[in-house]
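Over in TrEMBL, the protein carries these features:
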- 1197: active site, proton acceptor (ACT_SITE)
- 20: [2Fe-2S] cluster 1 binding site (BINDING)
- 60, 63, 95, 97: [2Fe-2S] cluster 2 binding site (BINDING)
- 215, 216, 217, 218, 219, 220, 221, 222, 282, 363: FAD binding site (BINDING)
- 716, 747, 861, 1022: Mo-molybdopterin binding site (BINDING)
- 751, 829, 863, 959: substrate binding site (BINDING)
- 535-642: domain 'Aldehyde oxidase/xanthine dehydrogenase a/b hammerhead' (DOMAIN)
- 1008-1027: region 'Disordered' (REGION)
- 301-321: transmembrane segment (TRANSMEM)
- 333-352: transmembrane segment (TRANSMEM)
């Protein structure tokens, strides 16, 4: 939080800012407060820190300090905020673990609204009891007795805003003394000089002497400009508008415009309202607090508004010191105009709107909040007073060219026309001709962007029509009557988006009556590290203090996807400051061949590179900046090789596959298709996904004596890291120790790919005999490490008139990348889940792993299961459409029953699918929602709602170990083979040990995971860590308890401290009787299955493709929950990560194989605004699992696929939109169902005017096709 005294307002303004964008030099005369400064575990926690922790809003904890400081800054400015303030404050914060709901619930206790988010639970005998305040919107809910919530707000420390740290008085700006103003501040760095003028005249002089210097205010474009000069000017009000200093922050602009809107006639403030609407969705509050008017994003809407309403810009030409006055056509070139060699913009003027002028602005982006726009538009029409005759019209579009484009031809055609249907037809036809894009236009989405130009004009048309109807009664200009009325079915197209405050219900089974209070198994206790994470005291790898003589590694990576290395020249890099060494393949002392499952990779590339981002070498230097600068100076000569294969489509054409090709078959396909009444064939594409863990890959290597190497790593697989590092160093594995305290998220991305970095860091440390560290920047992490496998599937399904499926033949193609990694196991799991939760008597699945020139894809939450199941749910919905039957009935008739066999011959016992399904139908009130939805859709042409309910079945297996020490003072040290990455694994293990040993959980400590204490462990993956490590911990503790029994017998009245003596136990737990043979289709691949069902409802804007998540109900079978708070958090977090997978997150590559979506600016994960407005999570009661510790079940991965209910609900809405256009039957909606895909699937007269998408563009989707692909009906044979 940055605090500054504002003389004009005569108060201190507190702003949450992004530390990475705030140069220290810019903080002169500011007070900076970090999370450590407001409270600590040892001293005292601030209420902001305490509440996020106790509300279970911190899992991996890496994002928690940012959440804390956003809330703290809000409270410093407004001690009594409402929920809208809360939602604004968190627009710029991201979390990959929690699903956001518990963060909002904890902080809702600070607002003026009563605590209405519901934490609903069950008593063992009386059943579920929802607390309903704020939950039900139009639907009733069966009430039940009340019980204890997940956390008690009444136990929070009270918040007293008078007890905050005071602003330093010495930073208060005193009146300027008489005489000349002080000179500019000057800070000299190693390569950058920072000059900060105190007057405009000083700025001009500085620019004259430093013409190449970039003027910097908020530094939000730090990647584009080098910081040099800073200035600021305050806003002022004039008679006809508001003049803003060019350096005013967007937050300041918004506040001033809101005041003007509140005090001025509505017709005069249309420009202000249009700007405010765009500011709502521009970046997050942390960016708006520092960003100013003239450093907006390339596609920002404000330039178009300025252009269209004749706002005036004042500038100063520094070479002649003359004032320029007038209207400038602002565009994306504004960066150069404002900061180049011509002028320094000094102020911006927003004018009042005259009567009979109507202004609107629209922005369409992949994610509604904090996202870069795809297309923006500002539209301004002026009518002849008292009529609907167009007098003047301006239409401007951003995102339709390198600069903002005026649709002048279309506007000229519309002047003089009546505002009606005839004008609309002319406008749309003209825009379709005028707003064209080359198929190779940067950014792609050509058809979508062109369609948006028409759709957004139509929105403007309807909005103006509605406003005219209020001002102009039916008139008869030119002797012709007109009717300015907007049909009720089109009203929804004019509505601005307003988010609803999320409400939620959580249901779980309470612990049995009589359970000891000290026995915390089954209780919702807080994450063990939550308090430390909330105070910033939790230590991650890069928080470890620097060692003496420590060095830093930077990677030298390939810029080509498939090429021969001709030469590597590091001579320039070796001469740069701080550089100690440059290492390449010949410097690897052991084996340069590596790989987590197959030895088909290199530690450092030799001779050839097979993807962009392939690691070729490392530069070791004294600091991170020196290492990275030198790495960029390494010169590599390449010879491109053919073929270059990026997509699944290209791999199929080239028959580029890894071996083996897996086949899983049961029954007789030919017989099944002969018995079928209908046969449906089709295909499905599913894109990949970036892990986007908040903590990127990081390793610290410390060499020891006699070849020893100690590694501090953010990894899910300590044993694999140990073995591959030892292989590369040429030492026994016993010389390598891998330690993991915690990770800032993992999700499978740190199961195998973390070894890429760990190996080269250890190599550098061994070579130089000094500690070496490296943490990848976000862009390099995304480029080099791969993600979820994109999939493409072709299917043929046979079914009866009743909807019963008899036969399925499906082929899966996964984009494995440039090495096998774990791809074979991922494809096998996809095949194991190809039927999802449905009994299909005749079935065959084949799995092909495509060898491409992309970074190797790897494990991700679900591990192939979501890909396999999505294909199933896609054709299942098409079966229902083909038959004209309700989708929920078709799914229900095909659900597995108790005792049935899977395609791999495993008997399903203790099946709870039917219970989950029926409870989800009931709790979501599915049938009532369907009736209300049908009524809504019949009354609204341009917004449609969709509803879907889907099941999941997820198999669980793996291995684990544990070591438990009891010390003579009674304290217990617990170590196990699992790693903590936010999933609460350590917390659950303490709960298990506490029950077995009969001691308070506060006496048990988990230090870290280390190969020196628990060797040869399985990776923390496949959702099985609680089951398996829990079983190992339980077994070890039972051994210790038996050793203590003689002392208990001798002294039955003694205490725990009286009985203990120093003892320890090590146990390995292996799931019994697991194994499967694909050749014979025999074996038992899974120990048990987790089940769940989700129902989701969405609302789609058919003109833009955007949607709102209205409602989700989840019923999840987690057995007897070890910790309901953690399990519900895993369900919600996994679900929202799945929402990103299926509706939002999209990886794009250039045709040369370079990743274009590198970082949060271009790759969007779900944010706070993506939470369903109503979220109900219910843990199935009375469903014990006798195959896991204390009858629990795995919970990390299974819930993710339930987010496909959102995608299927979107498809349901699209079907409703297509019916309006006369289109019926099956349709395809690939994943992710982005606004682009949804909009193009909602075919109408606007898409018809634009035409089909091009086949190839400037970027590539790698899920099996090039360019955009088509969206249409699936063929049917029957």
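Every residue, even glycine, has its Cβ placed from backbone N, Cα and C.
Of the listed binding-site residues 20, 60, 63, 95, 217, the Cβ environment within 10 Å is emptiest of other Cβ atoms at 20.
Cβ contacts within 10 Å of residue 282 (FAD binding site), excluding its own Cβ and spanning all protein chains shown: 25. Excluding 60, 63, 95, 97 themselves, the residues of that chain whose CB lies within 8 A of the CB mean position for the [2Fe-2S] cluster 2 site are, in sequence, 58, 59, 61, 62, 64, 96, 98, 694, 744, 745, 982, 1133. Residue pair residue 829 (substrate binding site) / residue 60 ([2Fe-2S] cluster 2 binding site) shows a Cα separation of 27 Å. In this structure the C-alpha atoms belonging to the residue listed as '[2Fe-2S] cluster 1 binding site' and residue 747 (Mo-molybdopterin binding site) are separated by 25 Å. With respect to residue 215 (FAD binding site), the closest of these binding-site residues in Cα terms is 95, chosen from 95, 747, 863. Residue counts of the domain 'Aldehyde oxidase/xanthine dehydrogenase a/b hammerhead' (535-642) by helix, strand and coil are 21 helix, 38 strand, 49 coil (DSSP-based). Looking at residue 747 (Mo-molybdopterin binding site) and residue 97 ([2Fe-2S] cluster 2 binding site), their Cα atoms lie 9 Å from each other. Ranking the binding-site residues 747, 863 by how many other Cβ atoms lie within 10 angstroms of each Cβ puts 863 at the bottom.
Long-range Cβ proximity for residue 97 ([2Fe-2S] cluster 2 binding site), meaning a same-chain Cβ under 8 A and a gap of 6 or more residues, is found for 59, 60, 63, 745, 982, 1129, 1133. Neighbour density for residue 829 (substrate binding site): within 10 A of its CB lie 25 other CB atoms from the protein chains shown.
Cα distances from residue 863 (substrate binding site) to the recorded positions 95, 217, 282, 716, 1197 are smallest for 1197. Looking at residue 861 (Mo-molybdopterin binding site) and residue 282 (FAD binding site), their Cα atoms lie 31 Å from each other. Around the Cβ of residue 215 (FAD binding site), the number of neighbouring Cβ atoms within 10 Å comes to 22. On a Cα basis, residue 95 ([2Fe-2S] cluster 2 binding site) lies 28 Å away from residue 217 (FAD binding site).
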